[in-house]
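Annotation comment: TrEMBL describes CYS130 as active site, nucleophile. Residues annotated as active site in TrEMBL: HIS240. Taken from TrEMBL, the feature active site, proton donor applies to HIS240. Marked as signal peptide by TrEMBL: 1-18.
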Amino acid sequence: MRVLSLAYLLVALCGIHAAVVPQKDSKRNDRPIIGVLAQELKNPEPKRNSYIAASYVKTLEAAGARVIPVMVNRPEEEYRQLFKSINGILLPGGGANLLTSGYAKAAGVFYKLALEANSQGDYFPVWGTCLGFEQLLVITSGENLLCRTNTSGVSLPLEFTQDVTESRLFKDFPPELMTSLATENITVNFHKWSISMENFTKSEELKKFYKILSTNTDGNIEFISTMEAYDYPVYGTQWHPEKNAFEWSQTYYPHTPSAIKTTFYMADFFVNEAKKSLHSFASEEEAQKHLIYNHNPEFSGAIGSSFLQKYYFD
Ligand SMILES: *[C@@H]1O[C@H](CO)[C@@H](O)[C@H](O)[C@H]1NC(C)=O
Ligand SMILES: *[C@@H]1O[C@H](CO)[C@@H](O)[C@H](O)[C@H]1NC(C)=O
Ligand SMILES: *[C@@H]1O[C@H](CO)[C@@H](O)[C@H](O)[C@H]1NC(C)=O
């Protein structure tokens, strides 16, 4: 207890943020609905302007959540309404522009609403994977500090920092899975851009907001691979937890038992975060109108393509 209150005092003294992440274990919402953000297609066609890779949806479903698609290029008011109805948002990987795309704009709105809500004692978790991770960094720092790395197609073990044992994200992972994560090539890196340790450390905004949980290197540049916010339920991985269980097009995607457990434990963590959010739709009927089951995923997984199945949206 003493250590805790001292830590709290230090945080308060440093003026970082007044609030610690609120715990809402007493009231739990066992019917969480999580928004997954769509993104613009590079080559749109009639009725196909944006998409969501089904692997993100399946990952959340497997851990006990339902999903609604959050469409891009909608008015802020629509996002505000949706925010009150859902229990968390996942920003998936992909290739949208981090400053100008509809993906970037929607992510910015939800991030802002989440921080406001969480500092008022409400709970709303945000997760970014790969592009979503990079998007979180750009939003938090207010600038693009990414650099090119040689990481477009490699599975790596995580290099955990000392902070990992006290992290919310990893602290309840089974010890043998932590050992696998630290020694086996089971985290899929599929990105050309990264936040280097150098640039992260230079940014006051990033340093005070995010705790680094793991790093990796492309042999040349050390970059951050997993992070969680100190005072908010905001989480990011530069790597892809969802690919291990649900994507098959690349030979370096790992499907070993520990790789599959990784997908599940990451999803289990985030879905349990969403269960702390008591937002809800006005009725079950209203929720059903939004659920992703109103759309059908299509097989898009010819060898070499990034995703096995995709949802396409108008
Ligand atoms: C740091 O960020 C700048 C952009 O502000 C970028 O040009 C540079 O490559 C980055 N350097 C490293 C080492 O990450
Ligand atoms: C990039 O990394 C791969 C291993 O993942 C290596 O084979 C390749 O030589 C590297 N390329 C450069 C330009 O460093
Ligand atoms: C992980 O992959 C690297 C090449 O990217 C290889 O050198 C290393 O032996 C692999 N490690 C394990 C434990 O499979």
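Glycine residues also receive a Cβ, built from the backbone N, Cα and C atoms like all the rest.
Annotations in TrEMBL come from automatic prediction, not curation.
Packing around the residue listed as 'active site' is summarised by its Cβ count: 27 other Cβ atoms lie within 10 angstroms of its Cβ, all protein chains included. Annotation note: CYS130 (active site, nucleophile) sits in a coil segment as assigned by DSSP. The residue listed as 'active site' carries neither a helix nor a strand DSSP state and counts as coil.
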